[in-house]
Amino acid sequence: MLERRGDMASERMAGEPAQERRTTAPHRQEPPGGAQEGTAHGPGPQAPARALDALGRTGDASPGPGRPRRPEAPPRPPGPEAPPRQDDDGAPQVPPPRPLDAIDRDILQMLQADGRASIRSVAERVHVSRANAYARINRLIEDGVIRGFGARIHHERAGHGASAYITLKIVQNTWRTVRDQLAALPGASHIALVSGDFDVLLLVHTPDNRALRELVLTRLQAIPEVLSTRTLLVFEEEDLEQEI
């Protein structure tokens, strides 16, 4: 009886088409992220897409045999920079200064008294960190609040025995021309455009009265735009520490 059942099963399988006899292999699930490299079943169907995506991100894909490499585009030259803003005199325009706080004013007061003060001493005096003090001083310089660092000179001990304020009347609308010529004079220390009976106030320091007379009668009177001058001798002077 068992032999008969086996023969009937063999006859039924022999009569079925080959396509129906083919059994379907169980589906193998891929681990998350696709097949790992080095496994027996190969790279998996998503590996080419991942590889192309990686090459597209890195740009290191090889063109392959027979395919020319696309030439790289030359770098784009930088465009022209906008020229800095200038004032009416042609000098670079300084942005408006930011408001000063109490710490900024203390720093300015200290640097006025001692231009050689170190960042550390400034920071300790105003009770901020050295980085903060350094940043504040740089900002004051960039804003044009601090124009420079210099020494306060005793002019008489430095060999300038004669000092004078000189008032000038000049031709109207010639201030800039006159200012440039006055700045080139030896011993000129301060120039100001003022209102009142005269137009310009000039402070000069010269070695003696003879040099002062030569400056007034020869150099100043030779400037075409100067109409008249008046000299005020300085007997004694003192620099004051300005409150900020």
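A Cβ is built for glycine as well, from the same backbone N, Cα and C atoms used for every other residue.
Just so you know, TrEMBL annotations never went through curation; they're auto-generated.
According to TrEMBL, the features are:
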type: COMPBIAS; residues: 1-30; note: compositional bias 'Basic and acidic residues'
type: COMPBIAS; residues: 74-83; note: compositional bias 'Pro residues'
type: DOMAIN; residues: 100-161; note: domain 'HTH asnC-type'
type: REGION; residues: 1-101; note: region 'Disordered'
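Per-residue confidence over the domain 'HTH asnC-type' (100-161) averages out at a pLDDT of 91. For the domain 'HTH asnC-type' (100-161), residue counts in helix, strand and coil come to 33 helix, 0 strand, 29 coil, using DSSP.
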